[in-house]
């Protein structure tokens, strides 16, 4: 039990540190413009809600997978705080995830998908980035 | 997996354009949001005041018929400061959370029953109030959100502000920041519903709660007194008792006043058998705080009543007032347009949902002498919009509306009560079929079946049209729904008895009725399949 607590505590600490690097929340269109559409690196945008159980499983999983990747950012948007963005991207159900690169939406999925699908989604985004770089 | 593929496929088709459009959309939406929140005068075909069951249904149908529509919704916090989102009473503090909590309560019972069917269940099942409440509230919030999205999809302008009339063609919405938005409109639909009343007892508003608060209560309710014997009071006491919180119901007069009283007494008997305490023919006089933070309630016999439980006092953790609901028309300034309302109840007088002012209409709980039910408000709202903006002339039929009281043993019915049938037709012109029955699943766990009872009232004269069908038992809502369609077709007793039942169900009992009250024969079941 003690070991579990230790592990959980260290994990939370690491995540909160790394949060400063490539995981952030967006709560208005200006921030979205600046940190997502005008970002040099691709961004995975996660539309999330506090009352949504699948979101509570998906968001941490996305964080876990994106945090160690240097070239990808993760933007988390609470649908309650940003109706304009929700409307702009026609988000009708949560969780909804879109991939943005150089201001263009290049991929998306809706609902809680399994870990393999999330990994493939992220891999596809970083592969595209690599292809462009060469 | 295939769903994911479909999503990405249809999306891939318009990738480049999509993002460009998205960018433009963000700018356009943000800017329109800004201009809307300042003072603006806009032209509408319809402004609906109230974003609940009736208001939203009316608004959506109106838009479908081509009208330009705005919906105002605003929740005045309860005396306990409880607030909620878009969707009205049903979604937030009515039908939805009620049914979920009722179901949660029955599940606790099912866990115990399961043992007798051979399930090995370690320990005793206990309710975690906060976990249950959070699960219910999360669901409500998801419905709030879907409702908002749906309004946007339907291109209905949504204003989160308190509405009142400046005149028959102008609605003023007062927003949170006190700013006012003027909406010029050809028509107005008032769908503001009602809010719980409190008793006049000293300390009622300060120390009591209502149905506005129970579904989001921040701590377990504990030992509860429910004041009021209508369906709201009985349903709340029912599920609280099922969760293990000692519950008492205080009735001013009779339970479920206006409902079939024989069926009401079955419901009360069942609740008493489950441990709910009933204090009869009494009203609370005062509520005061005890030294350990609980509530001391003192009560006395209802003025003018005789018999009953008599004077008394007791200490409770929670006191829930369910003594009736008042239409929220006071702050609407309806007089500015000359709309007539009932002096006491505040409800609006309408004929086919039209008030005395030709361009002002009303739907839902705010209507005088109409059933206060979500499906009624929804249907009335929809038909009204069709009459206003479409070519349909269909009027709302308020008769034979089925309904169910979700007490631990549920009571569902459609049509007239025995009392109302006698009043309209005279007892000599009626035949009342009745029976007690035994649900198959109740026998193994030895559940009390003494209140499982059904009753059908029909005319004695051919074609023996059925006037009312009444059912106390499990899943009453599911049982009665289909029969309301039959009632709409004016089903006769012969057609009902000619129907072959599904076995084994409880609903089939309606097809097995043979004994009438007039015969004096014993309505208790003899055997199962004979």
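Even glycines carry a Cβ here, placed using N, Cα and C.
The NAD(+) site recorded in TrEMBL comprises B:228, B:229, B:230, B:231, B:232, B:233, B:234, B:235 together with one of B:123, B:324, B:338, namely B:324. Put simply, the two farthest-apart Cα atoms among B:99, B:163, B:365, the recorded binders of FAD, are 30 Å from each other. Looking only at the recorded positions B:95, B:228, B:230, the one with its C-alpha closest to residue B:163 (FAD binding site) is B:95.
Secondary structure counts, DSSP: the domain 'Pyridine nucleotide-disulphide oxidoreductase dimerisation' (B:401-512) has 39 helix, 33 strand, 40 coil.
Confidence for the domain 'FAD/NAD(P)-binding' (B:44-381), expressed as mean pLDDT, is 96.
Taking a C-beta cut-off of under 8 angstroms and a sequence separation of 6 or more, residue B:324 (NAD(+) binding site) has the following same-chain neighbours: B:196, B:197, B:228, B:230. It is B:230, among the binding-site residues B:228, B:230, whose Cβ has the fewest other Cβ atoms within 10 Å in the structure shown. Here the CA atom of residue B:99 (FAD binding site) lies 10 Å from the CA atom of residue B:90 (disulfide bond). Rounded to a whole number, the C-alpha distance linking residue B:234 (NAD(+) binding site) with residue B:99 (FAD binding site) is 13 angstrom.
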